[in-house]
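Asks: Have a look at this one before I ask anything.
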Protein chains: 4
Amino acid sequence: MSKPKVVLAYSGGLDTSVAIKWLEEQGYAVVACCLDVGEGKDLEFVQQKALKVGAVQSYVIDAKEEFANEYALMALQAHALYEGKYPLVSALSRPLIAKKLVEVAEKEGAVAVAHGCTGKGNDQVRFEVSINALNPDLQVLAPVREWSWSREEEIEYAKKHGIPIPIDLDSPFSIDQNLWGRSNECGVLEDPWAAPPEEAYELTASLETTPDVPDIIEIGFEEGVPVTLNGKHYSLAQLILELNILAGKHGVGRIDHVENRLVGIKSREVYECPGAMTLIKAHKELEDLTLVKEVAHFKPIIEKKISEIIYEGLWFSPLKDALSAFLKETQKYVTGIVRVKLFKGHAIIEGRKSPYSLYDEKLATYTSDDAFDHSAAVGFIKLWGLPTKVQSIVNNKKVTV
Amino acid sequence: MSKPKVVLAYSGGLDTSVAIKWLEEQGYAVVACCLDVGEGKDLEFVQQKALKVGAVQSYVIDAKEEFANEYALMALQAHALYEGKYPLVSALSRPLIAKKLVEVAEKEGAVAVAHGCTGKGNDQVRFEVSINALNPDLQVLAPVREWSWSREEEIEYAKKHGIPIPIDLDSPFSIDQNLWGRSNECGVLEDPWAAPPEEAYELTASLETTPDVPDIIEIGFEEGVPVTLNGKHYSLAQLILELNILAGKHGVGRIDHVENRLVGIKSREVYECPGAMTLIKAHKELEDLTLVKEVAHFKPIIEKKISEIIYEGLWFSPLKDALSAFLKETQKYVTGIVRVKLFKGHAIIEGRKSPYSLYDEKLATYTSDDAFDHSAAVGFIKLWGLPTKVQSIVNNKKVTV
Amino acid sequence: MSKPKVVLAYSGGLDTSVAIKWLEEQGYAVVACCLDVGEGKDLEFVQQKALKVGAVQSYVIDAKEEFANEYALMALQAHALYEGKYPLVSALSRPLIAKKLVEVAEKEGAVAVAHGCTGKGNDQVRFEVSINALNPDLQVLAPVREWSWSREEEIEYAKKHGIPIPIDLDSPFSIDQNLWGRSNECGVLEDPWAAPPEEAYELTASLETTPDVPDIIEIGFEEGVPVTLNGKHYSLAQLILELNILAGKHGVGRIDHVENRLVGIKSREVYECPGAMTLIKAHKELEDLTLVKEVAHFKPIIEKKISEIIYEGLWFSPLKDALSAFLKETQKYVTGIVRVKLFKGHAIIEGRKSPYSLYDEKLATYTSDDAFDHSAAVGFIKLWGLPTKVQSIVNNKKVTV
Amino acid sequence: MSKPKVVLAYSGGLDTSVAIKWLEEQGYAVVACCLDVGEGKDLEFVQQKALKVGAVQSYVIDAKEEFANEYALMALQAHALYEGKYPLVSALSRPLIAKKLVEVAEKEGAVAVAHGCTGKGNDQVRFEVSINALNPDLQVLAPVREWSWSREEEIEYAKKHGIPIPIDLDSPFSIDQNLWGRSNECGVLEDPWAAPPEEAYELTASLETTPDVPDIIEIGFEEGVPVTLNGKHYSLAQLILELNILAGKHGVGRIDHVENRLVGIKSREVYECPGAMTLIKAHKELEDLTLVKEVAHFKPIIEKKISEIIYEGLWFSPLKDALSAFLKETQKYVTGIVRVKLFKGHAIIEGRKSPYSLYDEKLATYTSDDAFDHSAAVGFIKLWGLPTKVQSIVNNKKVTV
């Protein structure tokens, strides 16, 4: 009888390489699965390495466009920043990876899927809740969390089983990357009083080394989707990757965040999101021009909830679908062009225009073209302030009597 | 019988100078009242000008510390940014000016107070609702809104009555300033596709001319109040003014905003808030370190409402008092030091520390010091994801059957 | 040249009858338009009366099903109760009436539409904002608000122009009714300490006279829409009207509300909504069974906003469309049957069942069938309470040191 | 050396009686602690039983007034209803019990506290999070969750150790009660389609047996606190207990709820809260009269959060303190009298009056006393509807072109 199969989210690093062997020892045939969500790795190498270490099969899946259009786009349109700061880099890719693992597992007839997360991060929650939502019959394994070895014990195990030790193993950092950005934690970053060292960054130039001449770019949006860069059409993934280079060169998008993890602790993280931060800023400015006031004032409530449920691993939940329906409806008129000056770490919005602009110079002007009915204000103020006035009359009288 | 008195919010500009004469013609004795909220004007000159133009009395009141401690501080602790962008510069000073007008009116036995706002801005609402809340028996006059002259008619009237015409009359901009920042609207700014010209700015250096060497400063907070700068104690007003210079030199705090006015139109405004933006950023970072997760996640709801009611002129409303009570309670442990790098338009938080820091390296670390119970995560995830899982089991079954 | 046309929302009462004549005197040809939204009037009589008084044309439009399906249904699914109490009876019909007025105006080539509201109610806002949203070119006239006659002056004018005076003119109440309910204000109701007299009610029996035997009914929902009553299919309008009778007989749905009007004052209103309140209660119970926790806990935020914008006249606003998209997405699984006991003013939900029920007896039970993993709770509680525990350790230590 | 002490929350029932013996076997000296929060038990008997079963000491603490004033009052002023239905009966008493356990533990020098909850309810979370917040050094034991015996195994253990078996052991229900109400789950209630049987209720009469004559009562509030009943002063605990009898007699306050537990499952609960529901209703009506509109419209956001954190066991969290500060500030003017008709399961508010009433008949009336400025509405509507109108002009044009 053949061994039961497990599909493992494989990154090519030490943890998941050791996991292949460890899962094998538990009696599984391991199917490795590596996703390309824009992290720019040598995926051929990763694919081969899995087989070398012992996987019975090794998938590499290019999911960049799916990631851009189905995941990053929602974060963009929701201006999703967890706790006002973190653009949800890893939180966005986890549900997509989970989805692909489940698809491969169903195709391969696997009984389980496995991930390489430890027990104190957010990603374990995102993986497991997503997998349960997509196929509650699949078992979920978390070898790294289960074996709970020290670093030394893990290396010893790897050596014993002929698993190659990566040369950057003593890197002080723990990195995750996709086209929406790059996250970095651990090591010296664990002291929130210390500034992050330059080597913690990779996608963005330091302010000290950015060019002294700005780049002025124009981003074109159609119904909330960025579709052109300087007039040229791009697929969404390509546009984001292009912007990562352009804005990264000018040092845009460094974030240093002491955040509240879902599992109850605070951690200090460093993010780089040059493309994401430029797009979020540009998109918000276009909304400022095209969204009617009531929508502009309520959408942030939706945005906050979207940010939270994505961070908290609830991507595949009915609440996300409902929030998404709201969001989509608001994007109908978010069409236009935003001019951005990339310079010294800034993505400065210099101009915005739209065929659906609700900014009306005739109403806004103080010149003789003025079309605003100034006398209407008198009645407006009277009724706007009426509750306050009545309560002042009533309660001030009472207090003094 | 003596003429009834009116207390006029007097700025020294053309509009309110003409208003003195106009109110006089309506039968009032005009008491001019000019507040120093940190705009850095020559107030002696303003005081004398009022008398010269026809005021029977002319007050100048230094309200800088009151403004800082009773108004700007709430905005700081609430990270109050209307529509995520505007730090409420003028919106904060209007209620204080209204309060002083009412105090003077009560002292002088005046029957009315007057302001120089037109009929399409937000400030008329803020003045009138505040005055009604503080003393509903006082009449409110708005001469500029009432006379509705063209610029030419107003100048002609001024000339006829010997009112001096300011030399900067043909400035294309309409400015308001206090220690929390400076706002600018009109003229070329009315085209949202055009970048604001350099002459629109005054408190901040352009990025192109900022120093190539950063300033690193340390801001000390006690229970949410900034009290020291580089270890030296300042009153709050002095600390903000000092920061305006320091951060302004590095180009920090320029904001370009297409905003939704209370009176129903969109307008394009340019703000400069070097001190305010630096303080808000530093304060938020200290909260990230010291606020427990549940507070950190709910406080933004309160912050959003505070921003809105301040913008909307409801400062003297019972809702502000209740929101303020919430806010104060959250500041108990917001004590510590934030290190800020001022450089190229950025106020970069490089470090933060607090005796009440909830960041626990023992819990957050990935080293062998780890005190986090990794196995607890298994149970947590199981219950956290249970609703999603049950709904997946139930509804996926139903859909396929 | 022919007179310009105005389309008047005509009710058959004194105000709008006088308005026909008054508008004629202003130079308009008046097209009367009366909607049937379930108020149970003799509409043929109303139609004829308009012509008799001077309208050049008189429309009667049966809009009951459109009202039920496009307006009342959203209120039902949103459990829309303004300030937690008022089911938005009139607030729901105003936008539909406005829509029909605009349609008739466009068909008839009219230049204006007119309504009979006074200047202190909410309905004038709802009418005018709706009409402006649907066709901003149409002028809106409000004759009753404009002429500002006393009751005596109006009656004199009516007599002079041969306009029949209704026999119930000295009724102390001001009534509005449609299939979602009946509202009543004025007269003795203006004293909030006085209990409403029995004659204020019409759709509901007093508790003292309700039957001593309950009716037990079953309401069937499909994707959030009530479709059956005791197993029999009804159109939505018919189902609501049927329930008004059934539940009204048992005294269900009396509401006595001191509410905050949009125009800044408090008013005291009495409502009767037997069908609406029964349906809202039943629908909520089915949601309790079928909505996943995260949706159940966020939907009230949406519901509150929906209630407010409907009350505030913003039906035809992009925000309503976005909120509606959220709402629809949540109704997918709200299918099932609710058993209701109508008795002594109560609509008691006795039972609810659904093919999509997320209530799982195996998980919920305390019997030996228990499928819940009790040990998972230990890990859950540890992480759930971790932020509170860390802050207690940190801050209690600090306080005592 | 003496045994380490554990303080056990003792109810007198089988579970906690067995827990005394079981904890003893684990090597502890057990201090039993029973709180009187208004459940009306024979506490002398409970106290003695603990000693008989093996406790080294047995506390009975009358905490009724503390519970009323420090816990129930907040729920009342927040109109706290979890998921719009459940008045948080047990959720309110758990933190108080935890507090008393910790106090006794500190006084007795105990190393641990223990509770009798199983692993699938909410109460274990409330106990443990509260205890950790109050004294993170104390260990928390949950014997019933730990031993995980079947009912039969537990009874066998009890018999073996001479622990008396309660005579109502085969009651199908699981009850908890305090002065804020009574909760009941399990047994036949686990089928949400079945109506709760009459024997599930104890505090309230069935509608079929309620008196045919109403009681009309007057409740007096001072700054949000109910202080008189029919003009007579009561302590808060006595007032609530009195109302439980009065309103219970008329069948007020039965609630049947399918709710989402914190631990991820839905459960069906039956509650009886005659006093609580009467007070919440009366208090809300007095707020409707005395709260200014802006407060009335924002307070529900605070109320919802308060309900959630109480349900979720976060009573002793800084967020509760901040929410509570908001709440207190809103109660300043909630002073007055509410007249309530108790009849056939209803607490009908017939009248409300207050020296701080913001309801102004002069403004609200349609009679000739009318003080409302009708013409102000014209300006108000113009600006209120302006965003909608502009967007209609812009976007309708675009759509058709």
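Every residue gets a Cβ built from N, Cα and C, even glycine.
A TrEMBL annotation is a machine prediction, not a hand-curated record.
Pulled these from TrEMBL:
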- A:A9, A:Y10, A:S11, A:G12, A:G13, A:L14, A:D15, A:T16, A:S17, A:G116: ATP binding site (BINDING)
- A:Y86, A:N122, A:R126, A:S174, A:S183, A:E259, A:Y271: L-citrulline binding site (BINDING)
- A:T118, A:N122, A:D123: L-aspartate binding site (BINDING)
- A:5-164: domain 'Arginosuccinate synthase-like N-terminal' (DOMAIN)
- A:173-390: domain 'Arginosuccinate synthase C-terminal' (DOMAIN)
Asks: What is the nearest of the binding-site residues A:S11, A:T118, A:D123 to A:Y86 (L-citrulline binding site), using the Cα of each?
Replies: A:D123
Asks: Given the recorded L-aspartate site (A:T118, A:N122, A:D123), which additional residues of the same chain have their Cβ within 8 Å of the Cβ centre, ordered by sequence?
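Replies: Not counting the recorded site residues, we get A:C117, A:K120, A:G121, A:Q124, A:V125, A:R126, A:V263.
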Asks: Filter the binding-site residues A:S17, A:Y86, A:T118, A:R126, A:S174, A:S183 down to the ones with a Cβ under 8 Å from chain B's Cβ atoms, keeping sequence order.
Replies: A:T118, A:S174
Asks: Between A:S183 (L-citrulline binding site) and A:S11 (ATP binding site), how many Å separate their Cα atoms?
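Replies: Roughly 15 Å, rounded to the nearest whole number.
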Asks: Of the binding-site residues A:A9, A:S11, A:G13, A:D15, A:S17, which sits closest to A:R126 (L-citrulline binding site) by Cα distance?
Replies: A:A9
Asks: Over the domain 'Arginosuccinate synthase-like N-terminal' (A:5-164), work out the mean pLDDT and round it to an integer.
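Replies: Mean pLDDT for the domain 'Arginosuccinate synthase-like N-terminal' (A:5-164): 95.
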Asks: Sort out the sequence-distant neighbours of A:S17 (ATP binding site) for me: same chain, 6+ apart, CB within less than 8 Å of its CB, listed by position.
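Replies: Residues satisfying the criterion: A:Y10, A:K49, A:A50, A:V53, A:A158, A:I163, A:P164.
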Asks: Would you list the other residues of this chain near ATP - those whose C-beta lies within 8 angstroms of the C-beta centroid of A:A9, A:Y10, A:S11, A:G12, A:G13, A:L14, A:D15, A:T16, A:S17, A:G116 - in sequence order?
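Replies: Checked against the 8 Å cutoff, the neighbours are A:V18, A:A19.
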Asks: Do you know which of the binding-site residues A:Y86, A:Y271 has the most other C-beta atoms within 10 angstroms of its C-beta?
Replies: A:Y271
Asks: Round to a whole number and give the Cα-to-Cα distance in Å for the pair A:S11 (ATP binding site) and A:S174 (L-citrulline binding site).
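Replies: If we compare the Cα positions of A:S11 (ATP binding site) and A:S174 (L-citrulline binding site), the gap is 13 Å.
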Asks: What is the one among the binding-site residues A:S11, A:S174 whose Cβ has the most other Cβ atoms less than or equal to 10 Å away?
Replies: A:S11
Asks: Compute the C-alpha separation of A:T118 (L-aspartate binding site) from A:D15 (ATP binding site), stating it in Å without decimals.
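Replies: Computed Cα spacing between A:T118 (L-aspartate binding site) and A:D15 (ATP binding site) is 10 Å.
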Asks: For A:Y271 (L-citrulline binding site) and A:G13 (ATP binding site), what Cα-Cα distance in Å is obtained after rounding to a whole number?
Replies: 20
Asks: Have a look around A:N122 (L-citrulline binding site) and count the other CB atoms within 10 A of its CB, chains all included.
Replies: 20
Asks: List the residues of the same chain that sit at least 6 positions away from A:D123 (L-aspartate binding site) in sequence and have their Cβ under 8 Å from its Cβ, in sequence order, or write 'none'.
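Replies: Within the chain, A:D123 (L-aspartate binding site) has Cβ neighbours under 8 Å at A:S90, A:R94, A:H115, A:C117.
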Asks: By the DSSP assignment reduced to helix, strand and coil, which category contains A:S174 (L-citrulline binding site)?
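Replies: In three-state terms, A:S174 (L-citrulline binding site) counts as strand.
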Asks: When you measure from the Cβ of A:A9 (ATP binding site), how many other Cβ atoms are you left with inside 10 Å?
Replies: 23
Asks: Including all protein chains displayed, how many Cβ atoms other than that of A:E259 (L-citrulline binding site) lie within 10 Å of its Cβ?
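Replies: A:E259 (L-citrulline binding site) is surrounded by 21 other Cβ atoms within 10 Å.
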Asks: Restricting to the same chain and to sequence separations of six or more, state which residues have a Cβ under 8 Å from that of A:G13 (ATP binding site).
Replies: A:G116, A:P166
Asks: For A:D15 (ATP binding site), which residues of its chain lie six or more apart in sequence with Cβ-Cβ distance below 8 Å?
Replies: A:G116, A:V144, A:E154
